[in-house]
Amino acid sequence: TPAALALLGGSVAALVVWKWLGKKTVRKKMEEARRTRDEGMKKMAKAIQQFREQVPSVQRDAILSLPLLELTGRLQEGSLSPRTVLYTYLEKALEVTQQTNCLRHFIPECEEQLQEIERHTEKGLLYGIPVSIKDHISHKGHLATCGLVQCLGTLMEEDSVLVKVLKRQGAIPFAMTNVPQSLFSYDCSNPIFGQTLNPFNPQKSPGGSSGGEGALIAGGGSILGIGSDMGGSIRLPSSFCGLCGLKPTAERLSQCLAHPSAQGGCLLLSHTVPCALGPMARDVDSLALCMKALLCQDMFQLDPTVPPIPFNEKVYSSSTPLRVGYYDTDGYFPLPPCMRRAVKETRRALQAAGHQLVLFSPPRVPYVMTELFLKTFYADGGRSWLDVFTGDIVDPLLKPQVNSCKMPRLVKKLLALLLKPLVSPYVAMISTCRSVKEMWNHHHQIQVYRSQFITQWKELQLDVVLCPVLGPAFTTGYPGKLITAISSTMLYNVLNFPAGIVPVSTVTEADEEELKLYKGCCNDPWDRTLKQAVSGGVGLPVAVQCVALPWQEELCLRFMKEVETLSRDT
C-alpha cells in the first residue's frame, strides 16, 4: 500500500541520515585527535628550540651515533647529562616523524621524569635513556588508541607495569608510536593518524603492528623501544626496518595494563596464542640490557603473575659452541630468494665459527596456520574482531580483511573450494568453533602440537633454531592482501617460544634478478602478489630469525649476538 511504501521510504531515509550523522561524529573525533597531536608536536618543537638556544654546543650527531651500551656508560659516569640526551633524541624524533609519520604523540611528562631521575642519587640500569613505547602500552594520562575511534575518549589512569619498571630503572618514556587500526595487521596505517612509512624507502611499509616503533628506531629517532607481538608484530617491523627485536615467551614480561585491544579485538586469541611485549633496538646488546633492566624485583612485585626469573648473564655471555637446527622454508609460504639466501649464508658462517648445524623441518606448518592460528582468530567467524570497528571508519588497508570476515558462510565455503586451499584464509574462516566442546578441543590440539614440536627439537638435541623471516619490506598496501604470508613468525606465537630478529644483509641486484624467476608454491595469485610486494627492494635490510625453547630468552639473545657478530665480520 502507498502508506506502507511511504513508511518504508521514511525508515530508509532516517537510517541514511542516522548513518551520515554517525560518520560525521566519528570524523569530528578524528580531526580533534589529529589537532591535539599537531599541537603537542608544535609545543615540543618549541621546547626543543629553547633547549638549543640554552645549550648551543651539543654534539648532536656524536650522541645519536653512540650504541646503547656506550650511551648508558657515558650517562652513568656523568660525561653526558640526561637532559642533553633527551632533547637530542626529541629533536631527531621530530625530524623522523616528519618524514615517516611514525609518532602518535610525544609524552610531555618526559620532562617530569627527567627531573625525577636527576633528584635520585641511585642510578638505574637505563638511567637517562629515552625510550619510545607502542601506542597501546598504557602511560598515565594518555590514550591507548589501537588506531580506533572508540578508544579516543579514554585516558589511561595509570602506567602499565612495564612503563613503571622502565621509569624505576631511570629510563625516560618520551614518545608513543603509531600502529595499524585494531593492531591486527602487519602494515601500519589507521584512519586517525594515517600511514607510517619505511625510513629506507617511502614506498615501503615499516611492517606492523609495531610499525611506528620500527620506523622511529630505524630512522635514528629512538635508541630503544617497546613493542608487542602476537603474529610477528615485533619481528616483522624489525625485519622490514633492519632492527634487532625480541619476542619473549609471553609470560616472561608483564602485560599488566597493556590495552586489551592489543589482542586484535579478539580476546579468544589471548588464551591460546598469547600476545608478548618485548624490546626493539639497533643491536642485540641493547635488547639484552633492556631485558636485564626489566627482569628485576620491581617487576616481580608489581605483577606477581610474572615468574621471578632474573636475567641470566652467564648464559648470555657464554661462548660454548651451539647445536643449531636450521631450515630456509617452512613448507607453507615460500619466501623471496634473498631471505633464504640470508639463512644459507648465516648457516655457513656459524659452521665456520665452530657451531654444529643440523637440518630441522618444522612439522605441519600448513596445519598450524589454518587449523591452529587462523582458526583461533576466526573461532567465532571473526565477529569479535569486527565488533571493534562498530561505529568506526575502516582503514582502506584493512578493508580486504574486514570484507572477507563479513562474507556469508556459504560464499566463504565456495571461495575456499575455488582458491588454493594451502594459503586461503577462507579455509580458516569457515573452520569456526561451533561449540564450547570444539573450543576446548582446539586448545588441546595446540598443546599437542607444542609437545610434538618440543619432542622433535629434543630428539635432535638442539640448543636453538635458525630460520627465515618474512621480508624484505613490502610496498605499502600489500600486507593486507597477504595475511597468510606471516607463517614464519606466527609459528612461534602458537608455540610461545622466544624468537628474535637480526639483520644480516641487504637486498642485492642479483636478489632482484632472482626474484623475477620466483614461482612460490604454484605461481598462483598469492605467489604473484608476494613477488609484487617485495620487488624494488635493492638496498633494503635482509634478516634472519633466531629461536629458543620457552623461558630461554638469554640463550636466544646469545645466539642472536653470535649471528650479529658473524654478519658484521663478513
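Residue 1 is the first one shown; counting continues down the chain.
Even glycines carry a Cβ here, placed using N, Cα and C.
Copied from TrEMBL, the annotated features are:
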| type | residues | note |
| --- | --- | --- |
| ACT_SITE | Lys134 | active site, charge relay system |
| ACT_SITE | Ser209 | active site, charge relay system |
| ACT_SITE | Ser233 | active site, acyl-ester intermediate |
| DOMAIN | 85-557 | domain 'Amidase' |
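Sequence-distant neighbours of Lys134 (active site, charge relay system) (same chain, 6+ residues apart, CB-CB distance under 8 A): Met176, Thr177, Val179, Ser209, Ser210, Gly212, Glu213, Gly225, Ile226, Gly227, Ser228. Other C-beta atoms found within 10 angstroms of the C-beta of Ser233 (active site, acyl-ester intermediate) number 35, with every protein chain shown included. When other Cβ atoms within 10 Å of the Cβ of Ser209 (active site, charge relay system) are tallied across all protein chains shown, the result is 35.
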